[in-house]
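Read the structure below first, then the notes.
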Amino acid sequence: MSTISVLITALALSMDAMSLSIYQGIASTESQKKQNFLKIVLTFGIFQFAMALVGSLSGILFIHYISLYSKYVSFAIFLFLGLMMLKEALKKEEMEYDEKYLDFKTLIIMGIATSLDALLVGLTFSILPFYQTFLYTVEIGVITAIIAGLGFILGDKFGNILGQKSHFLGAALLIFISINILL
């Protein structure tokens with residue numbers, strides 16, 4: 001696999017993380033932006049790297065089981081997050097960002113939900129020498145972190161421009177992605 005192929009793969013893998021990052025950029029208050037930006041970038045970058053590496057190390061032993069359920073788990077999580085965001089957007093009063101929303105448990109769930117596909121991609125690396133696998137998985141993690149950061153910034157800008165309507169946009173985006181996962 002060439003470096004260009006890994007770059008394109010990493011960009012494709014990072015789209016789920018970008019979607020959630022956009023939402024976090026929209027939802028975060030001014031006082032939470034820097035902290036949430038770091039949480040998002042690190043969580044998505046580390047999880048994409050780690051899951052791709054775990055996938056490559058586990059080889060073909062578990063590919064059947066992982067491939068059976070990964071899209072359904074991702075669908076359920078994205079749909080749940082989208083519906084939760086839609087429910088909040090439908091409230092009449094101005095929404096307040098819940099600082100507990102990005103607690104450790106939530107970050108873990110989001111990290112897993114966005115990196116199940118990286119686990120499967122990692123399985124394709126299992127035939128490569130370890131040093132090459134490691135470099136490719138690091139590349140995937142770094143690119144995902146960058147894309148997640150850009151998504152957060154984009155969400156922040158949209159949130160400032162659109163106000164509360166941006167929550168409808170974020171909800172629609174998450175629900176669309178959940179449906180797209182099943183197709």
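Numbering starts at 1 and runs along the chain as displayed.
Glycine is no exception: its Cβ is also placed from the backbone N, Cα and C atoms.
The transmembrane segment feature in Swiss-Prot is assigned to 3-23 (among others).
Look at Swiss-Prot and you will find 43-63 (among others) tagged as transmembrane segment, backed by sequence analysis.
Marked as transmembrane segment by Swiss-Prot: 66-86 (among others).
The annotation transmembrane segment is assigned in Swiss-Prot to 107-127 (among others) on the grounds of sequence analysis.
Look at Swiss-Prot and you will find 134-154 (among others) tagged as transmembrane segment.
As annotated by Swiss-Prot, transmembrane segment applies to 161-181 (among others).
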By a Cβ-Cβ criterion of under 8 Å, what residues six or more beyond either terminus of the transmembrane segment (3-23) are in contact with it?
40, 44, 48, 52, 74, 78, 81, 85, 110, 113-115, 117-118, 121, 136, 139-140, 143-144, 147-152, 154-155, 158, 170, 173-174, 177
State the non-local partners of the transmembrane segment (43-63) in its own chain: residues 6+ outside its ends, Cβ under 8 Å from one of its Cβ atoms.
10, 13-14, 17, 20-21, 107, 110-112, 114-116, 118-126, 128, 133-134, 136-138, 140-142, 144-145, 148
